Amino acid sequence: MADNSKKLTTTSGAPWPNNQDSLTAGERGPLLMQDYQLIEKLAHQNRERIPERTVHAKGWGAHGELVITEDISKYTKAKVLQKGAKSPLIARFSTVAGERGAADHERDVRGFSLKIYTEEGNWDMVGNNTPVFFVRDPYKFPDFIHTQKRHPKTNMRSPTAMWDFWSLSPESLHQVTILMSDRGLPTSPMHMNGYGSHTFSLWNDEGERFWVKFHFKTEQGHEHYTNDEAEEVTGKTREGYQERLFNAIEDGKFPRWKFQIQIMPELEAEQCDFNPFDLTKVWPHADYPPIDVGHFELNRNPENYFAEIENVAFSPSNIVPGISWSPDRMLQARIFSYADAHRYRLGTHYDQIPVNRPKCPVHHYHKDGEMNVYGGIKTGDPNAYYEPNSFKGPVEVPEAQEPPLRISGDADRYNHRKEDDYSQVRVLFEKVLEDDEKERLFMNIAGTWGAVPEEICERQLAEFKKVHPDYEAGVRKAWEKVKADGDYKPNAAPVTDKTPQTVPAE
Ligand code: HEM
């Protein structure tokens, strides 16, 4: 063993003589209250866990760099997006539904988050490995997540709840099809794309706004497991993503993603034949071709997983001048939700945790509170602790004001059911998925129906039929096979409003 020359101390820095024997009254006697360092040690152990993220609790991450190689200054004034800019970043990938200790190789959407430390503040891109999402209105998000998490009575995941919700929410068809296709089970974080998913906006020096989609395309190539392969891998390791990402970086094989954008001029959004702010839709590449912007690479593992990956706090509210949001309802809700989650999970001043601290100067007037370890107010003069003041405290930056959002209307609860839920899924089914991939899609879906009540399966089949008759026929055939194999044991209890708690174990 190496000679460890560092001396053990208490948390307040005093040398500590004995970390093996507690202080007792006599050799066999009870403990003494005075053994404060023992109490300190046990108390620390009791506080080693913080609340896990309510979603995306299992994750893997690393540090890296975003490099901009192309000139997109006609779209944005953001310094981070100017040609030649190089910005440090931290990335965190995740599964959505599993808890902090869940197995890595589960069929699930993957989170794809980047915190880019720019000279004008942190820009967080909190996306997924899919370009669309299950719902288009934030009212539906908590219910959707409840169907992905454990059933309140059985404490097990419930395919019945998932398919019940999906079959009653046809806007989910696009994302469900992607989830059940090969893309729904990547072999590692390095072998999948990342998407901002929402429509965001860019604005330039002239105050012109452009709608934008962000894409990060894997340069490692796409790799996926079938369900059977994933089952086998999970039998050997539950941490395959962590192992592959960590080891690739330790071995100097730094993973890279190409950074591309799609651009839509601001007023074109009103003429577009689909709602470009609908998160269940993609922008067709033929109409909005991807434009190269640069790439990012991951090249440094965290020194401490908890400090850097568990404590990292991403939020779509973190934007910088030249980059902004859009009217997308889901994005609007997320602007609120993440910072709120961080205040609960990490503390009021979570932005002071080193991994979240901007690498540029920070001047604001937020005062005291939990985690205010660096002294919140840094204005250069102790008298400047409110705003406006006469003591040369930080002042507003008018040039950071984004142009007005020109899309607006009367406030109302507009019915999102009027959107088309089927056309884009049809294109995906007919034109993108290969025949063998379709076969796996059918089986992946039917394979989860082992205990799902027949009426729910039939309702979902009717939705597949609206996409394409072959989609319905394929899943029905696969379901017949599941039945013939004796693997279909539907829940005997009726799923009605009166019996919400009667769903038995699946
Ligand atoms: C209204 C819709 C949504 C709400 C309210 C919501 C809310 C949340 C919350 C509360 C967290 C946990 C944050 C934390 O404790 O650190 C989270 C994590 C996350 N969400 Fe969402 N979410 C929504 C939709 C989406 C969408 C559409 C995407 C992707 C396009 C997404 C991607 C992520 C990712 C990647 C994480 C994990 C971030 C990390 O690595 O720490 N979410 N979400």
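Positions of Cβ are set from backbone N, Cα and C atoms, glycine also.
Per TrEMBL, region 'Disordered' is recorded for 1-26 (among others). Within the chain, the region 'Disordered' (1-26) has long-range Cβ neighbours (under 8 A, six or more residues past its boundaries) at 32, 34-35, 37-38, 40.
According to TrEMBL, the compositional bias 'Polar residues' annotation covers 7-23.
The domain 'Catalase core' feature in TrEMBL is assigned to 9-395.
Within the same chain, the residues at least 6 positions away from His56 (active site) whose Cβ sits under 8 Å from its Cβ are Ser94, Thr95, Val96, Gly111, listed in sequence order. Per TrEMBL, active site is recorded for His56 (among others).
Residues or ranges marked as active site in TrEMBL: Asn128 (among others). Contacts of Asn128 (active site) defined by a Cβ separation under 8 A and a same-chain sequence distance of 6+ are given as Val109, Arg110, Gly111, Phe112, Gly194, Tyr195, Ser197, in order along the sequence. When secondary structure is read from DSSP and collapsed to three states, Asn128 (active site) falls in the strand class.
Neighbour list (Tyr338 (heme binding site), Cβ cut-off 8 Å, at least 6 residues apart, same chain): Val126, Ala313, Phe314, Ser315, Pro316, Ser317. According to TrEMBL, the feature heme binding site maps to Tyr338.
Residues annotated as region 'Disordered' in TrEMBL: 485-506 (among others).
Per-class residue totals from DSSP over the region 'Disordered' (1-26), listed helix then strand then coil: 0 helix, 3 strand, 23 coil. In the three-state DSSP scheme, Tyr338 (heme binding site) is classed as helix.
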